[in-house]
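Undergrad: Next up is a structure, given as structure tokens.
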């Protein structure tokens, strides 16, 4: 089976990708989205989102990385897809699933689910602009407020020439509510298409991954939030390994505080460490205690001192 690390805006940046791929066995990472509006973006934008471009589009541990684009104008999606791959990205992905109100308000992400023809035009333009040996992939949800158009959406992706499709098993309106996950609908899409379909949504451990694959028939999954709850989740999902022990999680956090974010003004780790602990608290009691000890701190250096001082 393949396990992919999902794009998560404001969460899974290059530093977190570096950490997680070092202790996992991911087959691929997708970047946070590059927002495309009405221009060919400068090279520095791609390097900021995906510094791995400077290293053959791989993390330090060797996991391939693919740039994701977010936008609605086929011409500019195509030109930026061509630039991304010219810079070395291992293919390019089109975001048709982000449920953020800010993103949707500008016509991107899940908004495209209301217009399968636009998904087709965007993906087709990207496919034409990217060398044929490199993948062009698309990530979608089941629909905007219902799954009634899920086949129309999936057909648009395949007919555009996409290499594979990632399907998050909920509509935009359903957000991330667990009770609405529909792996069976993903399976119906998989049966309809000839390109590979990757299942995404509510995969937290070995059991849920097995259930997802059994229900959907997919042999590949993409994991997002769960990868932060259990830092070695790909190995849990692939090999039924136990979750990472807390002392190893601490070691990972300690390394994180030592990594430097380009352009950081001393605040980067404040938000990111607290955010990550918010995920870890769902699996580790110790994470709650650590969060309480740093919640009032507002400088990266202060948080680093607390975490580095933990005895393991």
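Keep in mind that glycine also has a Cβ here, set from the backbone N, Cα and C atoms.
Residues annotated as active site, proton donor in Swiss-Prot, with sequence analysis given as evidence: 98. Taken from Swiss-Prot, the feature FMN binding site applies to 7, 8, 9, 68, 139, 200, 201, 202, 224, 225, supported by sequence analysis. Residues annotated as site 'Interacts with tRNA' in Swiss-Prot: 35, 95, 176, 272, 274, 279, 295.
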Undergrad: Between the recorded positions 7, 35, 139, 201, 295, which lies closest to residue 274 (site 'Interacts with tRNA'), Cα to Cα?
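TA: Nearest by Cα distance to residue 274 (site 'Interacts with tRNA'): 295.
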Undergrad: For the recorded positions 9, 98, 201, work out the Cβ neighbour count at 10 Å and name the residue with the minimum.
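TA: Taking 9, 98, 201 as the recorded positions, the minimal 10 Å Cβ count falls on 9.
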Undergrad: For each of the binding-site residues (7, 224), count the other CB atoms lying within 10 A of its CB, then report the residue with the highest count.
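TA: Ranked by Cβ atoms within 10 Å, first place goes to 7.
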Undergrad: Which value in Å gives the longest Cα to Cα span across the FMN site residues 7, 8, 9, 68, 139, 200, 201, 202, 224, 225 as recorded?
TA: 22
Undergrad: Could you tell me the C-alpha distance between residue 279 (site 'Interacts with tRNA') and residue 224 (FMN binding site) in angstrom, no decimals?
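TA: Cα of residue 279 (site 'Interacts with tRNA') to Cα of residue 224 (FMN binding site) measures 11 Å after rounding.
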Undergrad: Going by Cα-Cα distance, which of the recorded positions (7, 9, 98) sits nearest to residue 176 (site 'Interacts with tRNA')?
TA: 98
Undergrad: Quick one, of the recorded sites 272, 295, which Cβ has the fewest other Cβ within 10 Å?
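TA: Looking at the recorded sites 272, 295, the Cβ with the fewest others within 10 Å is that of 295.
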Undergrad: If you compare CA-to-CA distances from residue 95 (site 'Interacts with tRNA') to each of the recorded positions 9, 139, 224, 295, which comes out shortest?
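TA: So, spelling it out, the nearest of the recorded positions is 139.
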Undergrad: Sorry to bug you, but what's the C-alpha spacing from the residue listed as 'active site, proton donor' to residue 7 (FMN binding site), rounded to the closest Å?
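TA: That comes out at 10 Å between the alpha carbons.
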Undergrad: Sorted by position, what residues of the same chain at least six away from residue 139 (FMN binding site) have a C-beta under 8 A from it?
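TA: Result: 7, 30, 68, 93, 94, 95, 96, 97, 165, 166, 167, 168, 200, 222.
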Undergrad: Please name which of the recorded positions listed here, 35, 98, 272, 295, is nearest in space to residue 201 (FMN binding site), Cα against Cα.
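TA: Going through 35, 98, 272, 295 one by one, the Cα closest to that of residue 201 (FMN binding site) is 98.
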Undergrad: Ranking the recorded sites 176, 279 by other Cβ atoms within 10 Å, which is at the bottom?
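TA: Checked 176, 279; of these recorded sites, fewest Cβ neighbours within 10 Å: 176.
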Undergrad: When you rank 224, 272, 295 by Cα distance to residue 98 (active site, proton donor), which of the recorded positions ends up on top as the closest?
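TA: That would be 224, nearest by Cα distance.
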Undergrad: Does DSSP give residue 139 (FMN binding site) helix, strand or coil?
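TA: DSSP assigns residue 139 (FMN binding site) to strand.
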Undergrad: Taking the Cβ of each of the recorded sites and counting other Cβ atoms inside 10 Å, which one has the highest number: 35, 274?
TA: 35
